[in-house]
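**Q** Quick paste from Swiss-Prot:
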type: REGION; residues: 1-50; note: region 'Disordered'
type: COMPBIAS; residues: 1-19; note: compositional bias 'Basic and acidic residues'
type: COMPBIAS; residues: 36-49; note: compositional bias 'Basic and acidic residues'
type: DOMAIN; residues: 70-112; note: domain 'CHCH'
type: MOTIF; residues: 73-83; note: motif 'Cx9C motif 1'
type: DISULFID; residues: Cys73-Cys104; note: disulfide bond
type: DISULFID; residues: Cys83-Cys94; note: disulfide bond
type: MOTIF; residues: 94-104; note: motif 'Cx9C motif 2'
Amino acid sequence: MADKSNSEDNKPKFMKNEDGTPMTQEQLRQKYGVDFTKEGRDGKLKYGPDDPTAMSNRVQFLAKADSQYYDPCAEASKMSLNCLERNNYKKAMCEEYFQIYRDCKKMWVSNKKQSGEIFETENITNPAGAATEGQEEWFPLVDQYLYILLLTWNVCVPYEAYMV
């Protein structure tokens, strides 16, 4: 049985040279004409079409109803399932899509662990417009809502429900 500690052995076949050594990003670009690691907004590598911290995902998260599960890597998941359907459920044909999904999930979990929060709320605008007289800012409510989400993971309950 192969040693699982060596991550190079776990690479899909399309990412290996003929002699079995892993390809560099430049070799992958030359062979397939695709940049698998496009630079993200902040100069970090991005491995797939999904970006868990993108503004569109933040807005989508805020639009979810109570207790609805939120998956920031839904697009990568759909792509891998569609690939399986197209290829008669042969997993070997869809390794690239599975790797993209795994990388998205890793990025999501690492971001969550590093920051302690799923999203940064400083760039989210007030959906109701400017706060009127007597209203509090919208941002503290978002922070409280996200904090409750972090505590419950798959079940999202509004902060007001805990204030009863």
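Easy rule for this one: first residue shown is 1, then count along the chain.
Quick reminder: no glycine exception, Cβ is built from N, Cα and C everywhere.
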**Q** Measuring Cα to Cα, how many angstrom lie between Cys104 (disulfide bond) and Cys94 (disulfide bond)?
**A** 16
**Q** Just how many other Cβ atoms lie inside 10 Å of the Cβ on Cys94 (disulfide bond)?
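**A** Excluding its own Cβ, the number within 10 Å is 22.
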**Q** Just to confirm my parser: what is the rounded mean pLDDT across the domain 'CHCH' (70-112)?
**A** 85
**Q** For Cys83 (disulfide bond), just count the other CB atoms lying within 10 A of its CB, please.
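**A** Neighbour count, Cβ to Cβ under the 10 Å cut-off: 18.
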**Q** For a three-state summary based on DSSP, what are the helix, strand and coil counts in the motif 'Cx9C motif 1' (73-83)?
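**A** Going through the motif 'Cx9C motif 1' (73-83) residue by residue, I get 10 helix, 0 strand, 1 coil.
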**Q** Have a look around Cys73 (disulfide bond) and count the other CB atoms within 10 A of its CB, chains all included.
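**A** Its Cβ has 24 other Cβ atoms within 10 Å.
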**Q** Could you round the CA separation between Cys83 (disulfide bond) and Cys73 (disulfide bond) to a whole angstrom and send it over?
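**A** Pair distance, Cα basis, whole Å: 16 Å.
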**Q** Work out the three-state DSSP category of Cys94 (disulfide bond).
**A** helix
**Q** Taking only the Cα atoms, work out how far Cys73 (disulfide bond) lies from Cys94 (disulfide bond), in Å, as a whole number.
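**A** Spelling it out, the Cα of Cys73 (disulfide bond) and the Cα of Cys94 (disulfide bond) are 16 Å apart.
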